[in-house]
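Visitor: My questions will all concern the structure given below.
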């Protein structure tokens, strides 16, 4: 009860701060994305249920689950970053409260209340954003026809479920983040865990690789006519999920290794600071671009499907596959951009004192801007670049077929470029905070 | 009056490419660049910078506008380094204008009135970009805390000002390590600020401040976050390393012990200098 009273008093006295706005924006985009993806999946399944014999809608419904699975990590990551923002920016206040005798439970309770308020505000905005975006998304033609507006609108009960899911993510994340934070009277310290190679991570990777090999071997033994089409789809879903887990496990390590190379070879202060910042928290860099890299690869391969157009009755499904994949890449790009903006802004605000000192000692604000931008470019260029290059390599044998209809591939490349540009734009917008944090008096 | 002189005479030297192009102020002032040597063995016998004087006249500084404005500096005249390298303690109660004076002298803040002459140029008239470059090339800074980037190692933090001045990385690394070695941090090159004690972190900050061979070092409560014994040791190192290189030191402090270790103490009250006295005792750095 005391925690609630104190929380209310602090809320009235401090009002809304920049970090609160960032957290609310992150929750709003996470909610809107979750609702849009949920609405899309429900629409596809409703079409399937209306005509269970429709081959195209059956497969599209399963593929919509794949797209949802691809976007889930991005939504989860964004929600978690919002929670961390809510906690780490309250260092001084939390430590002061502990110093004057507040218990760890009371301080933790206030933090959870803060997070809940931000989550609810973000969720309300997110629901508004979702309703605003539905008309635009419904213009995309799936199954040969655009969606009717109400097809993508989730029933109120489902909206409640999504809201409950986002709130649960926020609560679970808040509690787990509080466990990772030492709230002592002397200050708040983040018990950070690096992403350097460790035995557990490597063991997990070995297990995933082992299961992958076993499953693929098993799949080879199954007679082709034994599995139904939907069975193969589910099999593919499992395989893609495992691929996602593998990428999530090794992704931060790859980012760490690349940043290590950049740090070792850095000739300028900007590159050195950027690489060291990534090495400090490679998971954060990976979270910005990881889901997008995965989406880029899936989208590229899906765009390849267009070359089979004109073969029997698969035309419509392949068209749907291509459009769905592009939509997935676009949503992953937007979520990546929001995450980049939120995490970089939080970093700049967190490092405010150090950046101000650097500026006082003669480091131009432009150098800090440049190092922040390089911190975004290094993982984007390497992960997205590798993803695009790898996909293009896979496409190489089919280039002859694509010559006649290269539009889907060009659209895919265009969306990738736009997504990367959006991430860089969001990062640049975060650097507008730098003159504010380096200002003296 | 005891005009402090260091034991060795200044050793003018040609500008060293490692420090990048000299600032306009340095070019006007003749042979002021004095490079630090590249390796550890030579770091103890570094050539010193030619002493330079900073002279401020009629400094006025206001915070805010209209009726709510605060008059932080009221016609302050201040000079440092006119008779050779010296360590000046700036003391006074909270809100007396100590930090404001330091910020104006270092070109961090522009005074509303008055001039700050350094190597034949008025810092107060310079544009923001030129003042930032001047701070990097001509001055060193030691703050109470927060001047080290937590992501970088000790050696990398010391390398930063040299990399900003386009010094080749290998050379910057050698010099940073040499400087850290000279300050007793030989085994700490790869440690990050979070892995260092308060005293060790301040020694890294001193290395960062001195590695480019500044003519003047500004310190704002450099021992404020340290215990008494560590603070005394850090202060001894700061004054000795600064003065023995031929540079002057301006320290803003509340601590009388810090003031006693300097060669001169200036007292401020309500934005006015109320006393300016040289000490009889030799400064810590002069004993060598």
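One is the number of the first residue shown, and numbering goes on along the chain from there.
Every residue gets a Cβ built from N, Cα and C, even glycine.
As annotated by TrEMBL, transmembrane segment applies to A:21-45, A:65-87, A:107-132, A:152-181, A:202-226, A:232-265, A:286-309, A:321-342, A:380-403, A:409-434. Taken from TrEMBL, the feature domain 'ABC3 transporter permease C-terminal' applies to A:82-185.
Let's see these features in context: how buried, what's close, how far.
Guide: Long-range contacts of the transmembrane segment (A:21-45) within the same chain: residues 57, 60-61, 64-65, 67-68, 71, 74-75, 78-79, 81-83, 85-86, 115, 118-119, 121-123, 125-127, 129-130, 133-134, 137, 142, 147, 151-154, 158-159, 162-163, 165-166, 170, 327, 331, 334-335, 338-339, 341-342, 345-346, each at least 6 residues beyond the stretch ends and with a Cβ under 8 Å from a Cβ of the stretch.
Note on the domain 'ABC3 transporter permease C-terminal' (A:82-185): mean pLDDT across this stretch is 77.
Residues 22-23, 25-26, 29-30, 33, 36-37, 40, 60, 63-64, 67, 70-71, 74-75, 77-78, 81-82, 85, 137, 140-142, 287-289, 291-292, 294-296, 298-299, 301-303, 305-306, 376, 408, 411-412, 415-416, 418-420, 422-423, 425-427, 429-430 of the same chain, all 6+ positions outside the transmembrane segment (A:321-342), place their C-beta atoms under 8 angstroms from a C-beta of that stretch.
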